Structure formats: structure tokens, C-alpha cells
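Features reported for this protein in Swiss-Prot:
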- GLY30, ASN31, ASN32, GLY33, SER34, GLY35, LYS36, THR37: ATP binding site (BINDING)
Amino acid sequence: MAISRLLVEKFRNLTAVDLDFDPCFNFLIGNNGSGKTSLLEAIFYLGHGRSFKSAVTNRIISYDEPHFTLFGQIQESQHQWSIGLQKLRQGNTLVKINGEDGNKISDLAHLLPMQLITPEGLTLLNGGPSYRRAFLDWGLFHHQTSFYSAWSNLNRLLKQRNAALAQNQPYSAIKIWDVELAKLAHQVSEWRAEYAEALSPEIEQTCQLFLPELEINVSFHQGWEKNADYYEILQQNFERDRALNYTFSGPQKADFRFKAQGLPVEDVLSRGQLKLLMCALRLAQGEHLMKEKQRHCIFLIDDFASELDQYKRALLAERLQQSGSQVFVTAITQRQLKEMQVENKKMFSVHNGIINALN
């Protein structure tokens with residue numbers, strides 16, 4: 001999958017953008033605040049219907065404008081699509097695929113599998129379990145066709161159950177939801193466990209390349225006692241859940257944990273090592289998608305050079321090139337990209353929201 005053309009209007013500080021991209025590497029060069037991260041954000045938004053920088057729409061739409069518009073032409077093998085997204089200041093989102101209305105953001109997400117590597121992305125390792133659940137669920141969204149429907153229904157039932165608990169309703173009023181909730185919980189957990197098991201060897205292998213001095217181990221935890229029946233857990237813990245006003249145990253508490261030398265990685269690794277581990281996770285997941293589904297991710301890498309020495313930057317560049325994926329990389333100077341010795345590339349300068357091709 002690759003974006004061949006991108007149009008951006010009224011998005012942050014970017015002047016109207018109309019760019020053609022290389023299917024391999026695209027480098028965005030500019031000072032801090034110039035708009036290069038905003039372009040990555042626009043690409044990410046086109047594939048996710050949300051920002052990785054802000055949840056507040058009014059901060060993303062250009063000042064005094066009613067909406068922003070994103071349009072992309074994408075291609076994969078012999079197939080081509082035209083996709084568009086418009087976000088209104090009052091919150092509505094309009095999605096078009098090949099000129100047709102009525103599409104969902106999930107349709108865009110399926111067309112554009114993306115891996116994001118940013119300085120803030122270390123929350124995957126040192127943040128709460130929700131970040132690691134999202135990592136697993138991203139993979140399942142692209143690998144298991146029934147996952148998104150099951151995941152959506154699971155979250156809907158959990159919200160309904162929690163609302164009933166907060167209203168102090170008796171178990172007789174909640175029991176009807178618990179049967180279906182338990183069924184979905186077991187299915188989602190089974191998928192997560194299978195995906196984690198399939199991905200773990202690739203993660204550990206990639207970690208050996210980036211962090212050979214460490215032994216990295218991964219493990220999946222489903223969010224309730226292993227081998228226990230979740231329906232029985234819901235029954236047994238009803239009074240506790242009602243006192244808490246929410247469902248304490250379940251797939252909403254699942255985690256995908258990483259340890260180095262037997263200890264949590266956030267307690268052992270330096271910030272630079274954590275970034276390398278994050279890169280290893282994203283690369284392994286993208287390569288797993290290619291191996292299993294013959295689909296390439298698009299990699300978005302913000303501030304490529306930060307916290308990586310010259311050797312590790314060269315290693316990351318080589319692995320990205322081997323992946324065959326389309327890659328977007330930001331840097332302050334071309335010098336920071338000297339390890340990116342690639343034949344197929346385009347270079348862009350970014351200054352005060354204006355983006356120009358350099359080659």
C-alpha cells in the first residue's frame with residue numbers, strides 16, 4: 001500500500017498542499033514548528049479519522065475555517081483508490097471512497113494500514129495497558145475480518161453494563177447482558193492470545209537485531225484469571241463491580257507485557273533503548289502483516305534521529321528498506337538522514353507551512 005498523491009486543505013498551519021510521493025521513501029526537512037509533523041498528522045488522520053497529536057478538532061482546523069479536507073490517491077499492486085475525508089468544526093466527519101459517500105472511518109483504516117513512530121510513542125511501553133491492547137487490536141483489525149464487529153459489540157455491552165452498575169441496578173437487570181458479554185469476551189481474548197503468540201517470535205527476533213545486549217520476553221494477559229469462565233467471574237464479582245460502578249475484570253483490562261532480564265522494560269531500559277524496542281515492535285508487526293496478508297504498512301516516523309546513535313539509525317534505515325513499505329520521515333536537517341542511503345526517494349522542504357519538493 002502506498003499514497004501516490006495527497007491534497008490537504010485548511011489543516012493546522014499547512015498552506016494548501018498537493019504533493020506526489022515516492023512509493024518508497026519520502027523525507028520532510030524543516031525546523032521545529034515548520035509543519036512537517038503536521039503533514040504526518042494529516043496522513044495519519046486520513047487513515048484513522050483522528051489525530052495522534054490532539055483530540056480537539058478546533059485545534060486542527062485552520063483558524064477561522066469551517067472544516068479541513070484531506071484527499072489521497074492510493075495504490076496497492078494493480079488496484080487504485082481515491083479517498084477523502086472532511087472534518088467539520090462542529091464535529092461531523094464525511095468520508096468518501098472512489099467518490100462514493102456513506103463510508104466509515106473503519107473503511108479508511110482497512111485501506112491504509114499505518115505504523116507510527118514518534119517520540120510520544122514510548123507510551124506503548126511505559127504507558128498503561130490500553131496502549132498495548134490497541135497494539136494487539138490494530139493487528140487483529142487487519143488480520144481477523146470478524147474482529148472489529150466483535151470488538152465494537154463488546155465495548156457497547158461493557159458501557160451498558162457499567163451504566164447499569166452506576167445506577168445501582170440489581171443483577172437480574174444486568175444478567176441478560178452478561179451472557180453475550182462473556183461470549184464476546186472469550187472470543188476477543190482468544191483472538192488476542194493467538195495473535196500475540198504468532199507475533200511474539202518475530203518481536204523477539206527483531207529485538208535481537210536492535211537490542212542484542214538484552215533478552216526481551218513478551219507475554220499476553222487476558223484481563224481475568226486464566227482458564228476461568230468469564231460469565232462466572234461476572235456473577236461472582238457483581239457486588240464488587242456495583243460498589244465500584246464499573247466492571248473490574250475482563251478483556252478491557254488485558255495487557256501485552258514486555259520484560260528485559262525478567263523485569264518490566266520501563267524499569268530497565270534507557271529512553272534510547274525504549275525507542276529501539278518501540279521501533280522493533282512496529283517493524284515486527286508490519287512485517288507480520290506482509291507475511292500473513294501480503295499487505296504493506298505505511299510507516300510514519302517523526303524526528304528520526306532523536307535518541308538513536310548513528311549505527312542504530314543505519315540499522316533502522318536498512319530494515320525499513322528491506323520491508324518494501326512506503327516510509328515518511330521527518331528531520332530538521334538532511335545531515336540527520338545520512339544513514340538513509342536509499343535509491344528511491346523524494347525530498348521535501350517544509351517552511352512555515354509551505355512544502356516544496358526538492359527533487
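Here the Cβ of each residue, glycine as well, is placed from N, Cα and C on the backbone.
Sequence features annotated in Swiss-Prot and their locations in the structure.
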| residue | record | CB count, 10 Å |
| --- | --- | --- |
| GLY30 | ATP binding site | 22 |
| ASN31 | ATP binding site | 12 |
| ASN32 | ATP binding site | 8 |
| GLY33 | ATP binding site | 12 |
| SER34 | ATP binding site | 21 |
| GLY35 | ATP binding site | 25 |
| LYS36 | ATP binding site | 28 |
| THR37 | ATP binding site | 21 |
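Surrounding the centroid of the Cβ atoms of GLY30, ASN31, ASN32, GLY33, SER34, GLY35, LYS36, THR37, where the record places ATP, the chain contributes additional residues within 8 Å, namely SER38, THR330, ILE332, VAL350, HIS351. Annotation note: ASN32 (ATP binding site) sits in a coil segment as assigned by DSSP. Secondary structure at THR37 (ATP binding site), taken from DSSP and collapsed to helix, strand or coil, is helix.
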